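Everything below concerns the one structure shown next.
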Amino acid sequence: MTSNKKYKLAVLAIDGGGIRGIVPAKILAKIEDITGEPIHKLFDLIAGTSTGGILSLGLVKPNEDGNEAKFSAQYIANLYENEREKIFKKQDKLNLPAPLDKLPHNKLVLFKLLQLLRSLPLPFTFNPEELLGPKFTRSEKINTINTLLGETPLNQALTEIIITSYAIEKRKPFLFTSNPYKELKSENFYRICSNYKMYHAALATSAAPTYFRPYDSDFISSNIENELFVDGGVIANNPTSIAIIEAIESYKKQINPEIGLKDILVVSLGTGRATDKYSKETKEWGLFQWVKPLINMVFNGQSEIIDYQMEHLLSKEQYYRFQFKCEKRPSQPNTDQKYYVSEAMDDTSEENIEELKKAADKLIKEQSSDLTKLCEVLKASLETRELRNNRKI
């Protein structure tokens, strides 16, 4: 039986992970089902990176009346499944244009290299097209996110939100916040709100290098400072520590400076732990072979080390981490495993979608006791959390 401790703050953090965001969306749908409350009412602050950022923004978007959530977690989980081919739509094949003498020299060299690579029997899986541009087009993704979030300003979020990104021209981490009182432009990072809409933050946090073009904030609106953003996973694929720091700062400024880690309930949702092992052949790898594995290692490693830190800083009673493992389906699947999820953030195949849903169901079943305790604590402290009930945004 849980002690139903009433925490001063409750924060939610959602990792980046592309299409694997289906799993945290389904976990949040289960929390909404158990508590009978929308996610935005259960947490004082929500932080998200990449797919976790899109999910977070969808959960705090207000309806037409401005008081309730426009979308449920289950709606967004269904959106991932139904719109996945639009979000991850591959670029058209690049062809060498004519006349060649009209091309800049650097482009001509790259196009000729592309033609050469197409003709070679390379000893590893590699799409030469990806040398010259991002894997996916962004037009359908922009349309999908605009349909979800519309023109809603960031500061209209139903609870405080933090979305991570990185500005490649300024070479600084950018945190999109719904709280205009917390805007800050420092030497080390920017925290921005004014003039930004939810879809700006969603497109900035999910512009994964090599997968999508960097997001140009001037692409849609000329009313905001022009900047090029890439995926928040390059700085914080697991934004749990950011969520805690931001919630404490808000509480100190708005309620009372006396607050510590013991006063915070933390929920952290992962998007899959990689289990594939790299062979000894990596000793001979060069640039081509290392690019994608290196990106995966950085994103996955950062997520796991933050989890390690949280486990040592927070008690078991206040820290809830929901994570599953990614594993390739073997030639003879182990029936005890129940699911085999691809590590690839862009595997939108029907088979992988079904495996992701199985992974979510299995995780919910295996951690049903934790989910029940968590929902009891969230409900018990719902009316006593001062920041939740006295927001100044």
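Placed from the backbone N, Cα and C atoms, the Cβ positions cover glycine too.
Nobody curates TrEMBL annotations by hand; they come from automatic prediction.
Keep in mind that what you see is a predicted model, and the values were worked out from it rather than measured.
Feature annotation (TrEMBL): of 16-21, 178-183, 334-339, the stretch labelled motif 'GXGXXG' is 16-21. TrEMBL assigns the feature motif 'GXSXG' to one of the listed ranges (48-52, 223-227, 238-242, 388-392), namely 48-52. Long-range contacts of the motif 'GXGXXG' (16-21) within the same chain, counting only residues at least 6 positions beyond its ends with a Cβ under 8 Å from a Cβ of the stretch, are 49-55, 80, 84, 88, 205-206, 208, 211, 231-233, 237, 270-272, 299, 326, 341, 344-348, 352-353, 356. On a Cα basis, D231 (active site, proton acceptor) lies 6 Å away from S50 (active site, nucleophile). Of all Cβ atoms in the protein chains displayed, 33 besides its own lie within 10 Å of the Cβ of S50 (active site, nucleophile).
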